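Have a look at the structure below before the remarks.
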Amino acid sequence: MAEKPQPVRVLYCGVCGLPAEYCEFGPDFENCKPWLIQNVPDLYPDLLKEADAKDADKVSDQLQSTSISGGSSKPKEEDVKRLPGGKIKKKEKQEVIIEKMTRNKRKCITTVKGLDLFGVKLSDASKKLGKKFATGASVTKGPTEKEQIDVQGDISYDIVEFITDTWPDVPEAAIFFIEDGKKVPAV
């Protein structure tokens, strides 16, 4: 009789949760290295050589730093938010960008980006802009997959005052225009 095939035992990394063979392709291989050296030294033999060389470097660096500064120095860690898949989330600047685009030679569209970074609901803002300037306004996704407000017509002449009066959390110094591809402060 044929033997029953046995299930394969897979060792998962304690840091990233991937199988140990795939840690090098994961989001933070540098953090996985100590765990791999301790638990699976035969899987990555190059890591043992690197670890021995780094330990020697660390000891010499600690000796030099104690003789120079009198204490051990720790490198400061950056506060970076990691998303699934190893992507790093960047902190966005809080600024409102107003851009005027022309379509069909005479028609204009004014685009307002970044209003949501100040806690403003874009749907409410588009309604208020549409009522104030007596024109159509809608919330759309821009080319960077972020939501923005598109207002029909050229309202760039009065929009800064309206934004600062309606939403006092938005400072006038944080509002910029894009003219000829350059960012110009609204002040």
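Backbone N, Cα and C define each Cβ position, glycine as well.
Keep in mind that what you see is a predicted model, and the values were worked out from it rather than measured.
Noted in TrEMBL for the protein shown:
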REGION    55-87  region 'Disordered'
COMPBIAS  61-72  compositional bias 'Polar residues'
DOMAIN    96-167  domain 'SUI1'
>> Quick check on the domain 'SUI1' (96-167): DSSP residue counts for helix, strand, coil, in that order please.
In response: 24 helix, 26 strand, 22 coil
> When the pLDDT values for the domain 'SUI1' (96-167) are averaged, what is the result?
Replying inline: 88
